[in-house]
Amino acid sequence: MSQHTAGLAIETAGLVKTFGETRAVDGVDLAVPTGTVYGVLGPNGAGKTTTVKMLATLLRPDGGQAHVFGHDVVREADAVRGLVSLTGQYASVDEDLTGAENLVLLARLLGHAKKAARERAAQLLEAFGLTDAASKQVKHYSGGMRRRIDIAASILSTPDLLFLDEPTTGLDPRSRNQVWDIVRAVVAQGTTVLLTTQYLDEADQLASRIAVIDHGKVIAEGTKGELKASVGAGSVHLRLRDAEQRPQAAEVLSRVLDAQVQHDPDPLALTARLAPSSGGTAAEQAARALSELVGTGITVDNFSLGQPSLDEVFLALTGHDTQADDAVKNEVAA
Amino acid sequence: MSTATTNETQDLAPVRTDSLAALLIAKERPPRPSALSASLTFGWRAILKIKHVPEQLFDVTAFPIMMVLMYTYLFGGALAGSPKEYIQFLLPGILVMSVVMITMYTGVSVNTDIEKGVFDRFRSLPIWRPATMVGYLLGDALRYTIASVVMLTVGMILGYRPDGGVPGVVAGIALLIVFSFAFSWVWTMFGLLLRTEKSVMGVSMMVIFPLTFLSNVFVDPKTMPGWLQAFVNNSPVTHLASAVRGLMAGDWPAAEVAWSLGWSGLFVLIFGPVTMRLYNRK
């Protein structure tokens, strides 16, 4: 507690949580600056949710320390609860109650008087576009509506720190964008957000710093730029018309891009991972490669430039991909 | 959980980030609710749940009616000459037995609820910790009241005439509800301790059947063997049944009332903290 650093919303040192034989969280160190979105990126079962639960005082750490705004999450749990709000992976509102009842219930529990609770609930329903669904039971809500009511419930009293645990998992792209807009609006008002996600682009869109977590350990941490640079600028994917031209195309790509070329299982497809700094932006490099291919007389049916995917980040950082032993870990994760 | 919802989402009104921003501008936080206020709010939640799922009142309506009818006509002729005679003795006892049995559903509902995301939210709120559990029990107290009124009505139809009149009957039911509220902490403990709904149900049956049947609800314990009398005469259900019987008959069974309240206090003192320990550790 005494080594708390000013300006940090969350500070953990060697945080550990074990479930039986499994070390779900295995020595996590985090330093989350106040007023920012901090992304915790990792596959299923990496220990993201367990970490959030410890920080939100729902689980007791087995080792290490964690402070939220300088308060120890175990010894000063009540003080921490007064500052944070939690939106879980699955709708953390009462599905049997209506949207409005849920918000009034929680507003009352946060200390709002009856009238104020009803007003606040109505305002939030309005802002979240849920007025029409206010008197419907939450179990009849769509996925996007659930996330909205869930986030609305988390900001009934503007929290200093908001935990968003995979807020867009399972949402369609449109709902995802809307959740992102909400997160931006929340942060703009000074709330610190700890966002866990499986999607690199989500962390990219929202977070200013990112910690990549795997097997309960932080394996990389930094700003978005730092993280991407460590992985590479992205990949060029192409699909040829003629499989026989593949070796030739591979030769061109590796020469022009100075990149590692990978033969995909599809005999027509190739992937080249761009090196972090082989001259120009990823788009410029890709354009050069394409014109060179066309110039050589190779017929390209499909050409795309992709950001490094989470799989690639993982491959680069850990040497194994996200799918490995997921099946085993998923069972433990819950 | 949310595939195939695209169409619905298209129809959703957009999020109004401008009004959202206005709502978020650091408002002064209200003071924390008192322990009583938080508990009552959770009690309100329980009542809302009854409103949305009224079928859950089945166990406090149909079940008690069945109990009264079954035991009155099953034992009435043999034990007291006629069902009408027997019900004068039986009704307060069967009332106690049924309501104490119904308390066991508390454990089941705690167990099914705890797995849901909403519990995480409740546990992350800065409120008096036992409020969530007390709220359950307050909602259940309403259910017990409904069950009592239903049984009393059926009893009156069958010929039960309490000498204690309205005050005696109200006092008897009040004592029964206080006891049930206290006794329910046993079930909240099992609800949090055991892993599945089925195991909660199984363990509850193991506890509730001997506890309610081995009492003076059906017959005077004097006819029982000595070792059983020792158990029956000291069972909290016997004390409670005697107290309720006395109150409804217009007497003032001070010792039995004191025993019932004493047991109630003991249940809360032991199982309340155990429940809260489990709740905090969950």
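Note: Cβ is positioned from N, Cα and C throughout, glycine not excepted.
Straight from TrEMBL, the features:
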- B:55-282: domain 'ABC transmembrane type-2' (DOMAIN)
- B:57-80: transmembrane segment (TRANSMEM)
- B:86-108: transmembrane segment (TRANSMEM)
- B:141-160: transmembrane segment (TRANSMEM)
- B:166-187: transmembrane segment (TRANSMEM)
- B:199-219: transmembrane segment (TRANSMEM)
- B:257-279: transmembrane segment (TRANSMEM)
Annotated stretches the transmembrane segment (B:199-219) and the transmembrane segment (B:141-160) touching (3 or more Cβ pairs under 8 Å):
no
Using Cβ atoms only, state whether the transmembrane segment (B:86-108) and the transmembrane segment (B:257-279) have three or more pairs under 8 Å that are 6 or more apart in sequence.
no
With a Cβ cut-off under 8 Å, give me the same-chain residues at least six positions beyond the ends of the transmembrane segment (B:57-80) that come close to it.
50, 86-87, 89-91, 94-95, 97-99, 102, 105, 143-144, 146-147, 150-151, 154-155, 158, 218-219
